[in-house]
Amino acid sequence: MKDTEELLLKGLSPDQPRHLHLHQIPVSFTKPSIWKLNKDVRGNKHILSGYRTISPSVADSLCTISQWHNETINIFTHLLGSVLFLLAPFYFYTYHYISSPNSQPIDILLFTTYSFGVSACFGFSTSYHLVRNHSAAYAKFFNELDHLGIILLMWTASLPSIYYGLICDPFLQALYWILMTALAAACTAATLSPNFAFPVWRTALYATLGMSSLVFVTHGVLLYGLEIQTQRMALKFMGWMAVLNFTGAAIYVIRFPERWHPYRFDFIGASHQIFHVLIVSAALVHFWGLLGSFEHIRGVENFCGA
């Protein structure tokens, strides 16, 4: 066991395999930096193969981006999503903002805030999946950063929806911006708490933040009616976004399908990978819905006085 641990610490296994199976990862180590390897590096007990060897440096972990292992799909789904949303504000500015005679600076500010929030979220996630095989300390730090990214995504997603949905009531806009900011701050504090360590609790907290959107959506519908708010808030797109997000969260929590099919989905098709794809899809759906809200509201001069 001692020889095996020393080789694993160097990023190698006794017979030089590219990947490790679950039973090849020692349950405990003597070095403090990786004593929680079996929990932090593995994460999902139903993924039984495809693990990277322990990385001796961050650079070596980053180099595994070119290898095929059980984190490859997780890395690239959010890496591509991060780059896509980094470019999204330029798309909005080029094809929508400058072509609208009634566009205002706050429009580009809101779209940029949302896009960069999504890009940061996916970027944090990519970093976590890349370096989690380095050490327990790195896995823990980037895991918390990953969680903070999810909160950032949901908070920035709410800002333009509140603005366009309550475009004719500046007081309510400010009120709900403050409330969503306070709730996001509370979620951030909970994320940094050591008690926040279980997938069920994480999902419940994120679901609460996501479900809070129903408050300002419902308020807007009661004030202006469903037909008007369907256009202002792009409610159909918000509905599809919610379906994608909650479906992804449910699949993540129950660990479908790998829980029932050992080994078959270790490299591709596991719950976390499905979750990633659905979250990226939900972010794109929301962005497209916001474009519809923008076109509807800025298509009329002096919208609230028309």
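Even glycines carry a Cβ here, placed using N, Cα and C.
Just so you know, TrEMBL annotations never went through curation; they're auto-generated.
Going through HIS129, HIS134, HIS147 against TrEMBL, the one listed in the Zn(2+) site together with HIS272, HIS276 turns out to be HIS129.
Listed stretches 106-128, 174-192, 204-225, 274-291 were compared with the transmembrane segment (148-167); the greatest number of C-beta pairs under 8 angstroms is found for 106-128. The binding-site residues considered are HIS129, HIS272, HIS276; of these, HIS272 has the fewest other C-beta atoms within 10 angstroms of its C-beta.
For the transmembrane segment (204-225), the residues of the chain that approach it from at least six positions outside its boundaries are 150-151, 154-155, 158, 161-162, 165-166, 169, 172, 176, 179-180, 183-184, 187, 190-191, 196, 232-233, 235, 238, 242, 245-246, 249, judged by C-beta separation under 8 angstroms. Only sequence-distant pairs (6 or more apart) were considered; of these, at least three Cβ pairs between the transmembrane segment (75-94) and the transmembrane segment (274-291) are under 8 A, so the stretches are in contact.
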